[in-house]
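Colleague: This is the structure I want to talk about, given as structure tokens.
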Amino acid sequence: RADGSVEETGPVRAARQLGPVHTDAVAAVAALTPDLCVSGGKDKSVAVCHWRSGAALRRFMGHQREVTKVTSAHDSNRVFSASRDKTVMMWELHGTSGPSQCFPGHDLVVTGLAVSLDASQLCTGSRDNTVCKWDIETGECLGRATISRNLVTHLCWVPGEPYVVQTSEDKTIRVWDSRQLQVAHAFPAQRHIQTSCDVSPDGRLCLSTSSGCAGEGGEATLWDLRQTRDRVREYKGHFQTTTSCVFLPRGPALAPSIATASHDSTVKVWERDTGGRG
């Protein structure tokens with residue numbers, strides 16, 4: 001458990017072996033509902049799976065190259081995927097197997113994907129140094145912003161706000177105002193490439209992760225989005241690049257926690273407010 005306690009549950013059972021859903025490496029995964037997840041892979045496909053049984057419920061094909069990011073609308077009926085083919089596609093969970101909308105316009109691989117809470121707008125980012133805003137229903141590009149050397153690595157919408165947090169290979173975390181598609185705030189540049197980000201459910205805090213090697217870098221950083229807009233805490237303990245992070249749901253008896261994943265083959269759970277590892 002995240003609080004370090006151990007619960008006796010009886011004899012240890014052998015892990016269930018589930019058949020592979022993708023025919024090549026899985027590049028992205030995201031929650032869809034409490035029982036469903038969506039994944040994308042190098043096999044160019046997007047799959048919706050029941051994670052308890054391992055059964056693939058839907059499989060979508062349409063991208064020409066590897067799927068790099070996946071996410072879902074908050075109503076859980078639509079799935080979005082980004083690809084190295086420079087496009088983003090929208091899929092209906094209960095619709096046909098083909099995409100219901102396509103969002104072309106980037107010049108290089110799409111590496112960021114975020115959907116607004118009302119599921120009306122989509123923000124995308126790319127290694128072409130651009131962030132774009134789209135109308136989900138029409139597929140129209142509503143705005144395009146370019147910043148030199150802003151190689152986007154991840155995008156995350158702030159819950160209930162018109163803001164989008166973005167990490168970049170230029171070592172900067174930017175907060176975009178989606179209404180005018182302008183940078184509302186940029187945190188001080190870090191020492192290493194910023195690889196991913198997540199925003200707390202209350203929209204007050206942001207997590208970012210960084211590249212690293214041989215114990216140098218690889219930290220996760222907690223930022224205050226509303227008050228000081230400054231660094232709150234760092235979580236150090238990974239020995240290689242930290243690739244992703246997430247705020248964990250809080251149990252009634254547990255302190256707020258976060259989780260990070262790294263190229264050092266570990267996932268670590270941290271106490272959010274102390275930096276202690278579970």
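Cβ atoms here come from the backbone N, Cα and C positions, even for glycine.
Annotation comment: TrEMBL describes 60-93, 103-144, 152-186, 235-278 as repeat 'WD'.
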Colleague: For the repeat 'WD' (60-93), which stretch among 103-144, 152-186, 235-278 has the most Cβ pairs under 8 A?
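Modeller: Checked against 103-144, 152-186, 235-278; highest Cβ contact count belongs to 103-144.
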Colleague: Quick one: DSSP breakdown of the repeat 'WD' (60-93) into helix, strand and coil?
Modeller: 0 helix, 20 strand, 14 coil
Colleague: Summarise the repeat 'WD' (152-186) by DSSP state, stating how many residues are helix, strand and coil.
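Modeller: When I sort the residues of the repeat 'WD' (152-186) into the three classes, I find 0 helix, 22 strand, 13 coil.
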Colleague: Just to confirm my parser: what is the rounded mean pLDDT across the repeat 'WD' (103-144)?
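Modeller: So the average pLDDT across the repeat 'WD' (103-144) works out to 96.
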Colleague: Across the repeat 'WD' (235-278), what are the DSSP residue counts per state (helix, strand, coil)?
Modeller: 0 helix, 19 strand, 25 coil
